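Participant: Dropping a structure here in C-alpha cells format, bear with me for questions.
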Amino acid sequence: MYSKLNYSHQKGDQALKHPHLVRLQQSEVRGFTDMPNNGASTSSAGSFARQDSLTIAASLQQRDRERHPVDFMETELDLGDYLQVLHDLDVPTDNVDFDDAELQKCNILYDGEHPYEQPELNGYERHVAYGTGYRVPGDYDQDGYKMNCEVKAETPDFGATKTRRAVKRPVPYDDYQKEYSEESSDMTDNDGSVDDSYFEPKSKKTKSAGLENFKPQTRARKYKLKADEEKAEPTYKLKRARNNDAVRKSRKKAKELQDKKEAEHDKMKRRIAELEGLLQSERDARRRDQDTLEQLLRNKGPMKEQRMPQRHILENFNK
C-alpha cells in the first residue's frame, strides 16, 4: 500500500519505500510517480499539495484497462489500492484550501451553505465530524433553507350526506316502461322518508298487469278430452281402473318406505338415549369409587413400623 505523502515545501517528495510499490515501479505498470506532483491537484494558495483521489482512481482504472483490454469488466479488481489512497490523504482539518477546484464546485452546488438542518453536537463531536468550519445552527436562520413544498389540504364540500335512499324490486321486462313512467318518476334519491332497508311492495295493479302480460316459456302437454261415447266403452273404464290401481300402489309403497325410515329413526334415537344413560351411570360409578378411595386414604392413619433394637434381637437369639 502507498505511504503518506509529504505536504511540506521544505522537504522534497520522498520516494515510496513500500516493497509492493517498488515492484510496481520496476514493472511496466508504474505507480503514480509518472504523474505531476504524484497525481495531486495543486491550488493557487499553495499551502499544500492535496492528492486528488478521483484522479488516482481514474488512473488505476486506466491501468487495469491496459492490462486487460478484452475482459476488463469480467476481471476482479483489487479495491485495496483505492481504499488505501483515500486513507493516506490525511488532510488536516484546520488547514483547508478554500480555493481548491473541488471545493469551489461544492460551493457552487450548495450555494455556500448546507441545505439541511444540522444536528445538535457538542464541541468534540463537531470537531471530529465536521472540523473547525462547522457552523452552529443558532448562528443563521434555518427556516430559510427549508423547501417550500407544502400543499394546502383541500377538502371537497360534499354537502349533506345522504343516509336514506329508495330501493325498488326488479319488475318484469314487459311492463318495465309503463311502471317506470307511472311510479318511478315519483321516487327520488333525495326522499328522506324512506329507510335504506325498506323495499316498497308492489301494488295490486302491478300484479294484475304482470299476470295479464305473462307469457309462458314452456309448452304444455297435449291433452284432449275424451268424448262421452269413448268414456262409455268398457275398455276405457278398464284402462282407467288399472291406472288408478297403479297410482294407489305406488303411493302406498312410498308411504310404507317413509314409515319404515321414521321407525328406524325412532329406534336409533332410543338406542342413543340408552347408551348415554349407560355411559352416565358408568361415570357416576367411577366417581363414587374415587371418592371412596380418597375417604379411606384420609381416614387411614400413618403406619408405625415397630422395630426392635438390635441388642434385643441378639439377646433373644442367644437364649
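Cβ atoms here come from the backbone N, Cα and C positions, even for glycine.
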Participant: Quick check on the annotations: Swiss-Prot lists region 'N' domain' for one of 53-67, 68-82, 83-97, 128-142. Which range is it?
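Facilitator: Comparing 53-67, 68-82, 83-97, 128-142 with Swiss-Prot, region 'N' domain' matches 53-67.
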Participant: For the region 'Basic motif' (237-271), how many residues does DSSP put in helix, in strand and in coil?
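Facilitator: Computed counts for the region 'Basic motif' (237-271) are 35 helix, 0 strand, 0 coil.
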Participant: Within the compositional bias 'Basic and acidic residues' (281-291), how many residues are helix, strand or coil going by DSSP?
Facilitator: 11 helix, 0 strand, 0 coil
